[in-house]
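So that you can see what the record holds, here are the features copied from Swiss-Prot:
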ACT_SITE  GLU188  active site, proton acceptor
ACT_SITE  LYS230  active site, schiff-base intermediate with dihydroxyacetone-P
BINDING   ARG43, SER272, GLY273, GLY274, ARG304  beta-D-fructose 1,6-bisphosphate binding site
MOD_RES   ALA2  N-acetylalanine
MOD_RES   THR39  phosphothreonine
MOD_RES   SER89  phosphoserine
MOD_RES   THR119  phosphothreonine
MOD_RES   LYS121  N6-succinyllysine
MOD_RES   SER132  phosphoserine
MOD_RES   SER272  phosphoserine
MOD_RES   SER276  phosphoserine
MOD_RES   SER299  phosphoserine
MOD_RES   SER301  phosphoserine
MOD_RES   SER309  phosphoserine
MOD_RES   LYS317  N6-succinyllysine
Amino acid sequence: MAHRFPALTQEQKKELSEIAQSIVANGKGILAADESVGTMGNRLQRIKVENTEENRRQFREILFSVDSSINQSIGGVILFHETLYQKDSQGKLFRNILKEKGIVVGIKLDQGGAPLAGTNKETTIQGLDGLSERCAQYKKDGVDFGKWRAVLRIADQCPSSLAIQENANALARYASICQQNGLVPIVEPEVIPDGDHDLEHCQYVTEKVLAAVYKALNDHHVYLEGTLLKPNMVTAGHACTKKYTPEQVAMATVTALHRTVPAAVPGICFLSGGMSEEDATLNLNAINLCPLPKPWKLSFSYGRALQASALAAWGGKAANKEATQEAFMKRAMANCQAAKGQYVHTGSSGAASTQSLFTACYTY
């Protein structure tokens, strides 16, 4: 017998729904700037810049101090704990700089993977202990949404039913705790692109994963109108020899979503999954042009695919601030256009934008 004990008040629901809708309004998407210290170090190493707190702060200051018109393309920014409390050169908190631009501030809440014994190297995600207290403090500090990434991979006997169910339940528990504390949960079940599987295999697995996630969200009384989904696009594995067009990726992706994601969800913000900047934009554009019913906003939550050209332009030099901001603005505007199905590839995007950003077994 199902009993009804309201999880949220009408006021809480209204606030959550308004936050979620504002993030994805009018083609806006999310900048994922929540890389851990180690992951940011890998990015800096590629441009031969030392991984110090000051260098990380300087790069993020350049991104966040971009012209206020960025709020036409970026509705939210996900921060790492370190970045939430960092300041610009004048002593102003980054989070306040973003808020003054009308951008919603988010925070990475998961604490990385832990092995699932008895599986083929599968993992679940840590971070539920003390999560409510962390969410409450972050809300006081100006944060309005959270992010939790669960990782599933396609391999021999993977993903297992155990991994799918365990990660779905962890995502649902996280989402419930977020909402109790006034944070919109971004639910991120990522089927990573490692492997040589084809498009059809990825679609099958993605559908199974998303179906389990939404069953778990329902079980945990999560208010869907106050959530956002951050899934992988349906793509072939990175090592697959067969290549697919953006239109094929779009059809497989929207079909999978149409079969599994309730229309109550206000927005779906895709992760880029190691695609080049340009491929991530072209695929998003094709998804928005796909001739299937699309009751949700279909947008982006990109990290590498919004920052690669900007990092290359910066190179660790303060003198390159203007070029760095220009590169970032260009990618943000391109993805905003793609989120409306209006992006036109010009062929003049620059070398950095066409390089694959794939990293095997990628972790934030």
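Quick reminder: no glycine exception, Cβ is built from N, Cα and C everywhere.
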Task: Spatially closest candidate among THR39, LYS230, SER309, the listed recorded positions, to GLY273 (beta-D-fructose 1,6-bisphosphate binding site) (Cα to Cα) - done: LYS230
- [ ] Can you tell which of THR39, SER272 has the least company, meaning the fewest other C-beta atoms within 10 angstroms of its C-beta, among these recorded positions?
- [x] THR39
Open item on the list: Please identify, among the recorded positions THR119, LYS121, LYS230, SER301, the one with the smallest Cα-Cα distance to ARG43 (beta-D-fructose 1,6-bisphosphate binding site).
Closed with: SER301
Task: Integer Cα-Cα distance in angstrom, SER276 (phosphoserine) to the residue listed as 'active site, schiff-base intermediate with dihydroxyacetone-P' - done: 18
Task: Distance, SER272 (beta-D-fructose 1,6-bisphosphate binding site) to THR39 (phosphothreonine) (CA atoms, angstrom) - done: 16
Task: Cα within 10 Å of ARG304 (beta-D-fructose 1,6-bisphosphate binding site) - qualifying recorded positions among SER89, THR119, LYS121, SER132, LYS230, LYS317 - done: none
- [ ] Mind computing the max CA-CA distance among ARG43, SER272, GLY273, GLY274, ARG304, which the record assigns to beta-D-fructose 1,6-bisphosphate binding, rounded to whole Å?
- [x] 16
